[in-house]
Amino acid sequence: MSVFNKLMRAGEGKILRKLHRIADQVSSIEEDFVNLSDAELRALTDEYKERYADGESLDDLLPEAFATVREAAKRVLGQRHYDVQMMGGVALHLGYVAEMKTGEGKTLVGTLPAYLNALSGKGVHLITVNDYLAERDSELMGRVHKFLGLSVGCIVANMTPAQRREQYGCDITYGTNNEFGFDYLRDNMAWSKDELVQRGHNFAVVDEVDSILVDEARTPLIISGPADQPPSGTADFAKLVTRLTKGEAGNQLKGIEETGDYEVDEKKRTVAIHEAGVAKVEDWLGIDNLYESVNTPLVGYLNNAIKAKELFKKDKDYVVIDGEVMIVDEHTGRILAGRRYNEGMHQAIEAKEGVDIKDENQTLATITLQQNFFRLYDKLSGMTGTAMTEAAEFHQIYKLGVVPIPTNRPMVRADQSDLIYRTEVAKFAAVVDDIAEKHEKGQPILVGTTSVEKSEYLSQQLSKRGVQHEVLNAKQHDREATIVAQAGRKGAVTVATNMAGRGTDIKLGGNPDDLAEAELRQRGLDPVENVEEWAAALPAALETAEQAVKAEFEEVKDLGGLYVLGTERHESRRIDNQLRGRSGRQGDPGESRFYLSLGDDLMRLFKAQMVERVMSMANVPDDVPIENKMVTRAIASAQSQVEQQNFETRKNVLKYDEVLNRQREVIYGERRRVLEGEDLQEQIRHFMDDTIDDYIRQETAEGFAEEWDLDRLWGAFKQLYPVKVTVDELEEAAGDLAGVTAEFIAESVKNDIHEQYEERENTLGSDIMRELEPRWVLSVLDRKWREHLYEMDYLQEGIGLRAMAQKDPLVEYQREGFDMFNAMMEGIKEESVGYLFNLEVQVEQQVEEVPVQDGAERPSLEKEGATAAPQIRAKGLEAPQRPDRLHFSAPTVDGEGGVVEGDFANDEATGDTRSGSADGMTRADAARRRKGGGGRRRKK
């Protein structure tokens, strides 16, 4: 344990004593609530709300509120919160991460802080990893809250904005991390206040907090629209790389020459093309220099094609179903339908597999969900079965302390030491022998594998031995809950990819609810089609199932409980602990063991040679395992290396995103003020003054008044607004040209532009002007922000090369990002003023109001003939349009690795806005280009 971790744990005892004290306080008043009627219990909610409004704090209300929820849960669910669950609830309310072992009832714990914090009326968000858990928890735990008079909502995919607004309006809202994050982004792309769905970020309880805040922290949420051009060279390069051969890196100091056309580093998941490979590619493509700037996109195609060939394996990283490449979550083995890798990687895999290649997308809005979205909450807490291994990270990045909550009953699971074999074949043979032996006596077994491929290989070996079993992987994900629920039955053998079924308890003897449902379905009943018959038959079926489960539970308990067998160590100790944690819930007996081989990914990438030497020295045959402390230490060392590597990556992502986050706060704050109806008159006057100052500064920064090109300056003014004051008038007022100073020009032109603004308002009318101003500002702001994200993307992609010039890439990114942001702000001011004066506006009379479409978003500034708002027509600034496709990119559910994408439902699409100018460049853009900032790069 590191010194930092020891320091972190030093205060644990003090916190636990505090939690114990409060839990005892709740138990001491429990009897006062038992004799209350349902109506009296429900009335307490209003009483607590009044007391909170009168100045009592939530901490003051905590003991009574928790006792109220405990009694309500007893009456509604038949479940009473244990004292340790009370401790967990207090930890969550105080803003800690509560580590609670599997089966300790984390879902029930969430009801306590949710109820207490909902009393403030500001809303509580309970965040889970998938829609299934969000719906299940909101329905089941929602009964307790509804019984106590609180409203409960649930956010799931494909809801309309109106439905989402209603769910967010509830006292307590359940949903997934991605849904909450995307709603925040879409709120900041909204075109009117009516489209906003979220009402603030008060308090969040994150379930499986390690998965959401750690595993997925490297992956940002991205909303994107179609790119201007689809990738054209992907298919050609997929064919081309089949003619290239993999080799090894050279070392000039050791006199080792590089071999092959390219090298692959599996540990870092990178590829590098050798000189020989470059020469071949140049020859085949008929080009002189692959690395010329004009050929930059080709390098990207080539690297992606090699990665697709070497690093992305079919039936492990992805599967091909019905001509479509589908990503497989590396942790759960689930298919992530509709999701796509970004940066052209998915297209490269599609080209490799010979299926249709779909277009790439362009970023419209982005945020790192974990590191910046969750920091929006006034108070954040979380719960998981495995958090202590990442306690330092929770503290350093999120300022969250971790508290290990004691188990309700002592843990009696036996964790056996690892067995290591020389080859994978020998390992799996031993695994099959072990399973067959345990299966013969009837002990339930859960086998964890790391990929679809390995789960199917093991399944074949078990079938050859005649062992009946269930396979749970990406290809059987639709039966997941049923298989997992019955994995604790006598004689059950379940082969699962990693952590599939997280959130579903494996109960010894089986799950009576699922047994009863299966029995009724066998009789031909359906809960949707035969509602009345189902309701009538359910109680009897449930009673029969409960009796059967009770008898089987005792049998399975005597056999030793659930045996968890891991076929490979994961790169994170936490994932291994999660697999082990499936067994030994609530004091049940259980056993776990990991089988390893030198061919396993972790062993191959780290320390395998040392272990091989140990086994060779000991002269160990292939089929004989070793249990060696040195090997166990080597595995622990390899895991900590990977964990540290991943931690550094996450910290690095945060540093870079922090730059963008500050810019995002400025832009989103500005948008929110516009949407909420702030009077823009004063702001637009500032825009005018700043733009005039900028124009004059660019023209008069050098030389004397006689050398200034005032005709060119006035030409720019005329493009901006209908300028009335002339150069001759200024000369006359100043006496001669020498008296015309920059300050004098600025004062005269500002007075003139303000007069023209008032004249424009008199022509159109104040009401119409007030309605058009937010449209002008929002349309320009959105397009400029989108272009800025685009450029920041490319800046970050190439910034690492600055290290070769002895410069800190992060400092360079901050400096250049700041310059780009300032240029964008200047462009926003300039274009907003230009729209104000140059847009043609027609007012149609006898129309009372402008209807706002539900789900309508930003305007299109180019498509004429689009459906116009009935009251005001502004040429080039028409009613909001929806593009055909709008995409999202998010972290994999339950996973750590992939960046994945999919389509939003059309009614949630957000319109695209484009420049109304001929070349799309403002003077601010042009000035930046002259300074060497370059134009906007087009993403290929």
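Glycine is treated like the rest: Cβ placed from N, Cα and C.
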Same-site ATP binder from Gln85, Gln522, given that Swiss-Prot records Gly103, Glu104, Gly105, Lys106, Thr107, Asp505: Gln85
In the chain carrying Thr107 (ATP binding site), residues 6 or more apart in sequence that have Cβ under 8 angstroms from it: Asp137, Leu140, Met141, Asp207
Residues flanking the ATP site, with Cβ no more than 8 Å from the Cβ centroid of Gln85, Gly103, Glu104, Gly105, Lys106, Thr107, Asp505 and excluding those residues themselves: Met100, Thr102, Leu108, Val109
Greatest inter-residue Cα distance in Å for the ATP-binding set Gln85, Gly103, Glu104, Gly105, Lys106, Thr107, Asp505: 17
Which same-chain residues, if any, lie at least 6 apart from Gly105 (ATP binding site) yet have Cβ under 8 Å of it: Gln79, His81, Tyr82, Gln85
Which same-chain residues, if any, lie at least 6 apart from Lys106 (ATP binding site) yet have Cβ under 8 Å of it: Gly88, Ala98, Met100, Asp207, Met383, Thr384, Gly385
Residues near Gly103 (ATP binding site) in space but at least six apart in sequence (CB under 8 A): Asp505, Gly584, Arg585, Gln586, Asp588
Those binding-site residues listed as Gln85, Glu104, Asp505, and which of them has the most Cβ atoms within 10 Å of its own Cβ: Gln85
